[in-house]
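First comes the structure, then the notes that go with it.
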Number of protein chains: 2
Amino acid sequence: MSLPPATGPDGPAAVADAPSDGDRPVRPVPEATVSRLAVYLRVLGELREAGVETVSSEELAGASGVNSAKLRKDLSYLGSYGVRGVGYDVASLQGRLQGELGMDHRQAVALVGVGNLGHALAGYAGFAGRGFPVSALFDVDDDLVGIDINGIRVRHVRDIPEVCAGGGVTIGMIATPGPAAQAVCDLLVQGGVQSILNFAPVLLQVPEDVEVRKVDLSVELQVLAFHVARRHGADGQAPGARAGSETNGSVVSPR
Amino acid sequence: MSLPPATGPDGPAAVADAPSDGDRPVRPVPEATVSRLAVYLRVLGELREAGVETVSSEELAGASGVNSAKLRKDLSYLGSYGVRGVGYDVASLQGRLQGELGMDHRQAVALVGVGNLGHALAGYAGFAGRGFPVSALFDVDDDLVGIDINGIRVRHVRDIPEVCAGGGVTIGMIATPGPAAQAVCDLLVQGGVQSILNFAPVLLQVPEDVEVRKVDLSVELQVLAFHVARRHGADGQAPGARAGSETNGSVVSPR
DNA sequence: AGGTGTGAAATCTTTCACAGCA
DNA sequence: TGCTGTGAAAGATTTCACACCT
């Protein structure tokens, strides 16, 4: 059970201005591409576990829900990692993507708010399994502070700055009720966290150098509802074809 | 605590081919616009509760995390609802959006998988509050089947087709482990569900007329990790300015 | 003045289609 | 022969900037 990709149709600019780093080819890597790279990485992991050593763009794309041209273009931003006439080496491409997605440095994740949703997130095996072990938990509720969830002790939100700064937390997740989110966000920023995944239905104000991604389930449902409503307008699709497939956080265009 | 918008950078086509409905101006409404409409709707609700009667595009946009030009363009797809020199009437714009987003017909939601995440989703107040009451719960686990969550009895997945068809379920949410997702999806489709929100990290195969949106938390985290890794390359941003704001499921470009 | 609605320009993404290496 | 890598075309989205109503 994974959760949400920023339903994300949008995204202001691409990775934009990455200040001319230094020497490597450091191509821009479009924002749209980044989220797909994460998907390819998951699929590569599955392929590898299945013992597959090589994949063609066609196969990898199919398993990822995109078309092969897009996949090849996406990978091309990282440089040439395939072999013409053959395909990609699963292991090495996986390694390349892990590096690109920052999976070589360990990412320590802090989760604030262990109520309903937060508790579920804390216990979500998919995180640890994918290299994002939740290493710190916080809440304001005295009934929750002090308990252990999956071996992690829940601490009071007032300790956020200290624990995050001291523990090298790079990513913060906010799963508190809306009204508490901004204050929690400020504490995370104080602790040096520059990347935040926000589940609260509010707009967070942050300094320029902090990145926030928002995950809003009701928005997802409303987008679905919109299409439900649309279908009632006129459809008359002969229930013929089958094979459809989903697309990342986006709608499967019922072309 | 809301959840995820399909991390969504993507989205094949716009609402595309809506077969010439009949008479109204039924404009295309770009897919990217749809998810923002949901955000505006939430903000309008807050404004209304606060007693605000009129908003300018500048204000509504600010509170929604977009710029005013985008907001005006988005609203223009629905027709003219503002008054020049004044702004928009909160109540009537809210009504218009609700209609457009299918919030006038009641949307019955079925949730499959009440484990860790599913349980949290079932109890998420934001759903009912935003017009998406979860009206049916399913699981395969005999220890869960039969219990009540928020007043809803958990039923066995085998009953999905019957319950969905009989209960007029329009939206299904899948919060099962990956391996079970496809089978569950097939059952939902059998029950006539045409809109599915998938939290399982797998690509669902569905008939053409069924829409799937996927929400993948690990993808979100990896996108954040990517940017964390980027920052280590070169940044040298003077920690000057403050006021940033998040953008829907997308990255706040640290321009 | 003040603020909406909207062509037209600028961007970002996706798709085509094919040259070129294995 | 098979499949990658990629310019160039096509599309979608965002941003400009300004005419036009109140």
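Keep in mind that glycine also has a Cβ here, set from the backbone N, Cα and C atoms.
Remember, TrEMBL labels are computer predictions, not curated facts.
Long-range contacts of the DNA-binding region (B:39-78) within the same chain: residues 27-30, 33, 86-91, 93-94, 96-98, 100-101, 103, 130, 245-248, each at least 6 residues beyond the stretch ends and with a Cβ under 8 Å from a Cβ of the stretch. Annotated DNA-binding region per TrEMBL: B:39-78, in sequence order.
On its own chain, B:Gly118 (NAD(+) binding site) has B:Leu111, B:Val112, B:Leu137, B:Asp139, B:Ala175, B:Thr176 as residues at least 6 apart in sequence with a Cβ closer than 8 Å to its own Cβ. Feature annotation from TrEMBL assigns NAD(+) binding site to B:Gly113, B:Val114, B:Gly115, B:Asn116, B:Leu117, B:Gly118.
What TrEMBL records for B:1-19 is compositional bias 'Low complexity'.
Among the features that TrEMBL reports, compositional bias 'Polar residues' is placed at B:245-255.
Annotation source TrEMBL lists region 'Disordered' at B:1-29 (among others).
What TrEMBL records for B:234-255 (among others) is region 'Disordered'.
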Quiz item: If you count Cβ atoms within 10 Å of each one, which of the binding-site residues B:Gly113, B:Gly115 comes out on top?
Solution: B:Gly113
Quiz item: According to DSSP, does B:Val114 (NAD(+) binding site) fall in a helix, a strand, or coil?
Solution: coil
Quiz item: If you skip the near sequence neighbours and keep only those at least six away, which residues in the chain come within under 8 angstroms of B:Leu117 (NAD(+) binding site), Cβ to Cβ?
Solution: B:Ala175, B:Phe199
Self-check item: Per-state residue totals over the DNA-binding region (B:39-78) - DSSP helix, strand, coil
Solution: 28 helix, 2 strand, 10 coil
